[in-house]
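First up is the structure itself, then whatever we jot down about it.
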Amino acid sequence: MACSTNVLKGFALFWDIILALFGLVVIGLGVHIIYKFEHFNTAAFVIIAVGVVVVLTALFGALGAARESSATSKVFVVILIVLVILEVLAVGFLWVFQTSLLINVDKTFDKLWNDQPVPIKPGNQSQIASLERWLDCCGNVGPSDYILPPNSCYNGESDKLNLEGCRQKFLDFIADRWTTFNLVSLVLLGVELICALLAYVLANSIVNRWRRSKYYQK
């Protein structure tokens, strides 16, 4: 049975590391959003906070498995269950209010558009210019929004003028990523449930091994 406990320990450590890496990816996503779009900093900080919690929780679970501490592993299970419940509620909330959130994204684009320095110069460095370079688009609905399209309206590779407007392209990008977000959330929930299950079984295995060792000593 010691072999069985060691195998469980190995599996638990492996999945805890996977969970920690997943948390680092989430943190990276939040940092990327801060770097790209300053108007979405609140959402980015929430994402980073979730990633940090996931990483710390995974490290706590790995510590419990490495030390073969049944108490630590059981606390780890409780933390994961709480995280899973909170994440299910959060994903459900975002799913129900998806339309409202997209409307807020549309309003945010309006703010970005109106915050541009006027007159708009060829070397425009506003947030809209960043969107134009990123999504290969131009203006609100197209190049006609400018008297003279800035450099950011031109494709970086072909140097051709981008004819699509940024508003719809930005909304389409967010909507397309919504499905990806939901899938990533489901994968994270799955990894957390696997870690919780392994930690629970490992904790019981450790306790049972300790009981058997006490019994055979007699």
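Backbone N, Cα and C atoms are what each Cβ position is placed from, and that goes for glycine too.
Pulled from TrEMBL, these are the features on record:
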DISULFID  C137-C166  disulfide bond
DISULFID  C138-C153  disulfide bond
TRANSMEM  12-35  transmembrane segment
TRANSMEM  41-63  transmembrane segment
TRANSMEM  75-97  transmembrane segment
TRANSMEM  181-203  transmembrane segment
Which bits of the chain, at least 6 residues beyond where the transmembrane segment (75-97) starts or stops, bring a Cβ under 8 A of a Cβ in it?
-> 53-54, 57, 60-61, 64, 181-182, 185, 188-189, 192-193, 195-196, 199-200, 203
Across all protein chains in the structure, which of the disulfide-bonded residues C137, C166 has the highest Cβ count within 10 Å?
-> C166
Between the Cα atoms of C138 (disulfide bond) and C166 (disulfide bond), find the distance and write it as a whole number of Å.
-> 6
Please list residues from the chain of C153 (disulfide bond) whose Cβ is under 8 angstroms from its Cβ, counting only those at least six apart in sequence.
-> E132, C137, C138, G139, P143, Y146, L161, N162
